[in-house]
Amino acid sequence: MTPLLTLFLVVLMGLPLAPVQALDCHVCAYNGDNCFNPMRCPAMVAYCMTTRTYYTPTRMKVSKSCVPSCFETVYDGYSKHASTTSCCQYDLCNSAGLAIPATLALAPVLLATLWGLL
């Protein structure tokens, strides 16, 4: 192999295959109902995350952030407060909150309330 070809291959292997572009997410810490605060996330972040915590059927708080890994969760019915987490991977995808119907989102709260009455 010629020295020029070797140098070309070494330089080519050092180049990234595609430019790395940072993800844009809405970011807020426990806002009242929802928030719209766009922010450029660090390069190693792969997900926008939204967490909603329901204290009562009419009182909830929303938290949105940039996270390197994310696990979607739905309220399990065993803790005092209902909490759900949603993850997505494109710019400003967490603007609308959780992509589940409101009746489904409130179902765990209603079940927890009924469980507490028993």
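Glycine is treated like the rest: Cβ placed from N, Cα and C.
Under the heading disulfide bond, Swiss-Prot lists C25-C48 (among others), citing similarity to another entry as support. Look at C48 (disulfide bond): DSSP puts it in a strand.
Per Swiss-Prot, the feature disulfide bond maps to C28-C35 (among others). For C28 (disulfide bond), other Cβ atoms within 10 Å of its Cβ number 18.
DSSP assigns C41 (disulfide bond) to coil in the three-state reduction, outside any helix or strand. Non-local contacts of C41 (disulfide bond) by the CB criterion (under 8 A, 6+ apart in sequence, same chain) comprise A22, L23, D24, C25, C48, C66. The disulfide bond annotation in Swiss-Prot covers C41-C66 (among others), and the record cites similarity to another entry as its basis.
Among the features that Swiss-Prot reports, disulfide bond is placed at C70-C87 (among others). In the structure as shown, the Cβ atom of C87 (disulfide bond) sits within 10 Å of 18 other Cβ atoms.
Of all Cβ atoms in the protein chains displayed, 18 besides its own lie within 10 Å of the Cβ of C93 (disulfide bond). Marked as disulfide bond by Swiss-Prot: C88-C93 (among others).
Taken from Swiss-Prot, the feature domain 'UPAR/Ly6' covers 23-107, and the record attributes it to sequence analysis.
Per Swiss-Prot, the feature GPI-anchor amidated serine maps to S95. According to DSSP, S95 (GPI-anchor amidated serine) is assigned to coil rather than to any helix or strand. In sequence order, H26, F36 make up the list of same-chain residues 6 or more apart from S95 (GPI-anchor amidated serine) whose Cβ falls under 8 Å from its Cβ.
What Swiss-Prot records for 1-22 is signal peptide, and it gives sequence analysis as the kind of evidence.
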Candidate nearest C70 (disulfide bond) in space, where candidates are the disulfide-bonded residues C28, C35, C88, C93 and distance is Cα-Cα:
C88
C-alpha spacing of C93 (disulfide bond) relative to C28 (disulfide bond), in angstrom:
14
Per DSSP (three-state), C66 (disulfide bond) is strand
Cβ-Cβ under 8 Å from C35 (disulfide bond), same chain, 6 or more residues apart: which ones?
H26, C28, V62, K64
C93 (disulfide bond) to C87 (disulfide bond), Cα to Cα, whole Å, comes out at 9
